[in-house]
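Features of the protein shown, as given by TrEMBL:
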type     : residues                                                       : note
REGION   : 1-88                                                           : region 'Disordered'
COMPBIAS : 32-41                                                          : compositional bias 'Polar residues'
COILED   : 100-260                                                        : coiled coil
DOMAIN   : 260-612                                                        : domain 'Kinesin motor'
REGION   : 279-323                                                        : region 'Disordered'
BINDING  : GLY360, GLN361, THR362, GLY363, SER364, GLY365, LYS366, THR367 : ATP binding site
Amino acid sequence: MKEALEPAKKRTRGLGAVTKIDTSRSKGPLLSSLSQPQGPTAAQKGPKKTGPRGCTAVGSVLKNQKLAPTAPAQKPVRKRPGKRPDWDLKGQLCDLTEELKCYREKTQKLDQENQGLQEQLKEAQEQAAALGTERNTLEGELASVRTQAEQCQQKLEALCARVLELEEWLGTKENLIQELQKEQLELQEERKALATRLEEQERRLQASEAALLSNESEVVCLRQKTAAQVTLLAEQGDRLHGLEMERRRLHNQLQELKGNIRVFCRVRPVLAGEPTPSPGFLLFPHGPAGPSDPPTRLSLSRSDDRRSTLTRAPAPTTRHDFSFDRVFPPGSKQEEVFEEISMLVQSALDGYPVCIFAYGQTGSGKTFTMEGRPGGDPQLEGLIPRAMRHLFSVAQEMSGQGWTYSFVASYVEIYNETVRDLLATGTRKGQGECEIRRARPGSEELTVTNARYVPVSCEREVEALLHLAHQNRAVARTAQNERSSRSHSVFQLQISGEHAARGLQCVAPLNLVDLAGSERLDPGLTLGPGERDRLRETQSINSSLSTLGLVIMALSNKESHVPYRNSKLTYLLQNSLGGSAKMLMFVNISPLEENVSESLNSLRFASKVNQCVIGTAQANKK
Ligand code: ADP
Ligand code: MG
């Protein structure tokens, strides 16, 4: 039975579905088939082998069937000898006996047959019982096979699901593989490109290495040359320094030859609305070299009205001739004026104290000369902004030679012998009195207490300071009429130069002084309370201006006592006058005939100063 089921099982597996096992065989009408001998059964015909028990049972049935006689119906019945006549009772009896005999035989045979059949039935029943048992066993087996099949089915289903899952996974993996393959292709392409680039770079590198090698030898060569040039440079630096020192010496000599005290006369032009002076009132005779020679002389003709009224003759004129280091007629430009003094600015950078004054009556052009006209016209810029620009640019040039310069500016006003800071801002304005004091005990250097000393490094900073000073003065002007004309303004710039490599230092002040108006008070004026103040102011101004003259004289005459302390102005400028200092005085003259007396006074004062010679200057070198 097991063997018979095996192929079925195998088939089930092969088909992928469980085929129902045909169990009808055991249900068939075994008895009827056995009772009707119809030849061999399907089980006997088929090649299939049945179990050993089934085979024995069926075999024995068949054997019995063969052994069993055929049915009497099928056996030919002895033909009756026709119908006996009713009368033939003997014949009929004979026939009936015959027939009975036949029937008896037949019954006997049937009994035998019945017996045989009974046996067969018994056998068949036994067989049926055996087959029932077998069937039960088979059904049990079938049930277990079904369970197995169901389990297998479940497993199969699980496996199918897994297969599907795996197929899906496989699909994703395949996609991934495709993508990776694509990526791989791209990377391969990239790799190729990179390899090409690498080759190119390697080629370049080789070329660069070759160039480097040749450059290195060139560098060695250049280093040698540089070393030689450094030596040469050092030598030339030394030479340059020597030359710079020589230049300074010669420059100073030149300035000394020109005079340590120089006086320039500047005549301002006639302004709009002013009367034109009579021709010949002011003359500017040429120098010996003709018109190309810069004028150094000035003639002023004054008509003596007093004498003419006495004699009633045409008023005689007296000519006053003056000679200065330079005379600037009315048309002279600010630029020309500055050109003449730029040499002094250089002297200040070289370490010589420099003092530039503007002297003259009010309205003669002192402020115009020193500061210029406010309004930003560069043509009209005065000496202070021009000097500053020159200083900064020369200092910049000299930095190439190893010099470092620093500048500190201050701007004060001396009015009625009191000092006021023109750079005061905010709360410092008018706070605390400014006094001139020694910077440190035992030091020669002077400083103004409560005044601002502002480090400057460019023109714009100086411009801002000048603007501030202008504003501070304007405030004062409202308080006291025209105070600016009645006070001295002193712009001081402390210049410090250092040549660190050679351990050289030079310090010098550059002073630009716009002096108070030099005019005297009209003696005919009646003295009201305002005039009294004016008189005091004038006396103070005259005293300080004459002190300036006396100081210059004393220095010129090499007197043992120089009256610096007689005025605040000379005291403040003490270190910039005399000795190693260079001084330049502008005498500003009005071109108007009405100002002739003041012009003469100014020119006389300036001439006296011009005659002074102050000893050989020494640079303030440390
Ligand atoms: P001060 O300072 O001596 O009192 P200012 O410098 O104020 O005199 O000059 C008086 C007037 O004359 C100002 O209006 C000024 O602009 C003008 N001025 C002075 N000098 C010149 C000059 N060289 N060229 C043109 N204008 C001048
Ligand atoms: Mg002025």
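The chain as shown is numbered from 1 upward.
Just so you know, glycine gets a Cβ as well, placed from its N, Cα and C.
All annotation found in TrEMBL is predicted automatically rather than curated by experts.
Structural mapping of features recorded in TrEMBL.
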residue	record	Cβ contacts under 8 Å, 6 or more apart
GLY360	ATP binding site	LYS366, LEU515, GLY517, SER518, PHE586, VAL587, ASN588, ILE589, SER590, SER602
GLN361	ATP binding site	GLY517, SER518, GLU519, ASN588, SER590, ASN595, GLU598, SER599, ASN601, SER602
GLY363	ATP binding site	SER485, GLY517, SER590, ASN595
SER364	ATP binding site	ARG268, ASN588, ILE589, SER590, ASN595, GLU598, SER599, SER602
GLY365	ATP binding site	ARG266, ARG268, ASN588, SER590
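A simple way to gauge crowding: the CB of THR367 (ATP binding site) has 21 other CB atoms within 10 angstroms, across all the protein chains here.
In this structure, the binding-site residues that sit close to ligand 2, with a C-beta under 6 angstroms from any of its atoms, are LYS366, THR367, chosen from GLY360, THR362, LYS366, THR367. Highest Cβ count within 10 Å among the binding-site residues THR362, LYS366: LYS366. Take the mean position of the Cβ atoms of GLY360, GLN361, THR362, GLY363, SER364, GLY365, LYS366, THR367, the recorded ATP site; other residues of that chain with a Cβ within 8 Å of it are ARG268, ALA358, PHE368, SER485, GLY517, ASN588, SER590. GLY360 (ATP binding site) falls within a strand segment according to DSSP. Following the DSSP three-state reduction, the secondary structure of THR367 (ATP binding site) is helix.
Averaged over the coiled coil (100-260), the predicted model has a pLDDT of 88.
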